[in-house]
Amino acid sequence: AASKLRLSGLCFLLQVLNILLFAVFVRYSPESSPGQCPPQLNCSQRNQDSGFQQPRFQDVHIQVLLSFGLLVAFLSRYGPGSAAISILIIAFAIQWAVLIQGFFYFFLNGKIYMEAQSMVSADFCTAAVLISIGAVLDRVNPVQMLLLALLEVTVCTLNEYILLSLMGVSDSGRSLTVHTFGAYFGLMVSRILYQPHKDKRKREERQNMGHQRDVFAVVGTIYLWIFWPSFTSATTVHNNAKNWAVLNTYFSLVASTVATFILSPVLYEESTPRMVQIQDATLAGMAVMGMAGEMLITPFGALIAGFLVGLISPLGFRFFMPVLHSRLKIQDTCGVHNIHGLPGILGALLGTLLTLMATADTYGDRLELVFPLVAQGSRTVTDQALIQLGALPLTLLLATLGGCLTGAVLKTKMLRCSPDAQYKENTVFWEVKLGNC
């Protein structure tokens, strides 16, 4: 009863806080006309808001709600409960992200002016939170998850603001600000919350995944194929740029999927990959296109990138994940390091390399859309490439510091509990399947 009341009370307090802050600060953006919209709000983009954002906002929201909800539902004992709690995290994180991002981006004369773009940005930040939760799933309770979302949204928005607004980094598909940040933030939280007794239970958990995990993986993978290209291109305003991002994402994911069928029979006993391995390859192939998707000017480049990351991700599961557990004391429940972290880093490095090719001859009119400062002459191509490269260690630094701080908060005596007490608490919070355990 105390556990349930603690979750209920925290939800009540956080929702009341959101309502009060929305009442004081949040307003809908004025009509997108020069006479009514203040110039500080960049109304030139809002003229296109209703026309281009609504379909892609729906795709992005479905992607966050369904795909990520299904991807965290693979644990045999906590499957349905994981999906339910992920919806709770999404519901809170979107509200909190609208507020925090509003203070950074849309704050004017004491008010936050929001629009469809605000919701899309909030969905991106929520995706980073869900990636982080994948690293600590089955070792934190919903109360800790809500507090993780509260802190991570704040740090994630700070990282995004520094990279995209202050430094002028081009990362439309969020290789850095979602995939890389979310993965390493979650891994650092996992390191702080390391629990040796969990190793045995996790091995038993994997032995009982079986059919349920593959069913969730099938449905989640289908949603990834349908909606993730819109996720990659959601912040691209112009249709010409959008088409490149969408097509490059598709080319990358098909190549990464084929690579999984090449490598998995060599690394594992099965003659063909299990569905969950195809799901991981799909995620990796899409994460690598986050930054480079709108930069690649040839389809074969996307095929090469997807093929390489499709090889690297299974190798990470096979060889590097045991090192994470045994040497670094990091328990990565969903393998976010291999399907988000490494592909995100590779995507950032690929984007840096492609930035060096950003000339008027190769990009044409697209140069001003992707690298406006380069097109205007404010920066050279080399300067932009160095800034793109410098964004990677900065993201890792903020993710590491934020993850350590969050882990320390979640590890406080008031929030943590003993292994036996946590198991009993999980039976209260989660819909637990008792059979075959």
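Glycine too: its Cβ is placed from the backbone N, Cα and C atoms.
Some features that TrEMBL has for this protein:
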DOMAIN    55-424  domain 'Ammonium transporter AmtB-like'
TRANSMEM  7-26  transmembrane segment
TRANSMEM  60-78  transmembrane segment
TRANSMEM  85-108  transmembrane segment
TRANSMEM  120-138  transmembrane segment
TRANSMEM  145-164  transmembrane segment
TRANSMEM  176-194  transmembrane segment
TRANSMEM  215-237  transmembrane segment
TRANSMEM  303-321  transmembrane segment
TRANSMEM  342-360  transmembrane segment
TRANSMEM  385-410  transmembrane segment
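In terms of C-beta pairs under 8 Å, the stretch of 120-138, 303-321, 342-360, 385-410 lying closest in packing to the transmembrane segment (215-237) is 120-138. When Cβ-Cβ distances below 8 Å are used as the criterion, the transmembrane segment (145-164) is approached by residues 10-11, 14, 85, 88-89, 92-93, 96-97, 100-101, 104-105, 124-126, 128-129, 132-133, 136, 171, 176-177, 181-182, 185, 189, 391, 394-395, 398-399, 401-402, 405-406, 409-410, 415 of the same chain, each at least six residues removed from its ends. It is 176-194 that, among the stretches 85-108, 176-194, 342-360, forms the most Cβ pairs under 8 Å with the transmembrane segment (120-138). The stretch from 85-108, 176-194, 342-360, 385-410 with the most CB pairs below 8 A to the transmembrane segment (303-321) is 342-360. Here the transmembrane segment (385-410) sits against the transmembrane segment (176-194); at least 3 CB pairs are under 8 Å, leaving out pairs fewer than 6 apart in sequence.
Counting only same-chain residues 6+ beyond the ends of the transmembrane segment (342-360), those with a CB under 8 A from a CB of the stretch are 170-171, 173, 175-176, 178-181, 183, 283-285, 287-292, 295-297, 305, 308-309, 312-313, 316, 367, 370-371, 374-375, 381-382, 384-385, 388-389, 391-392, 395.
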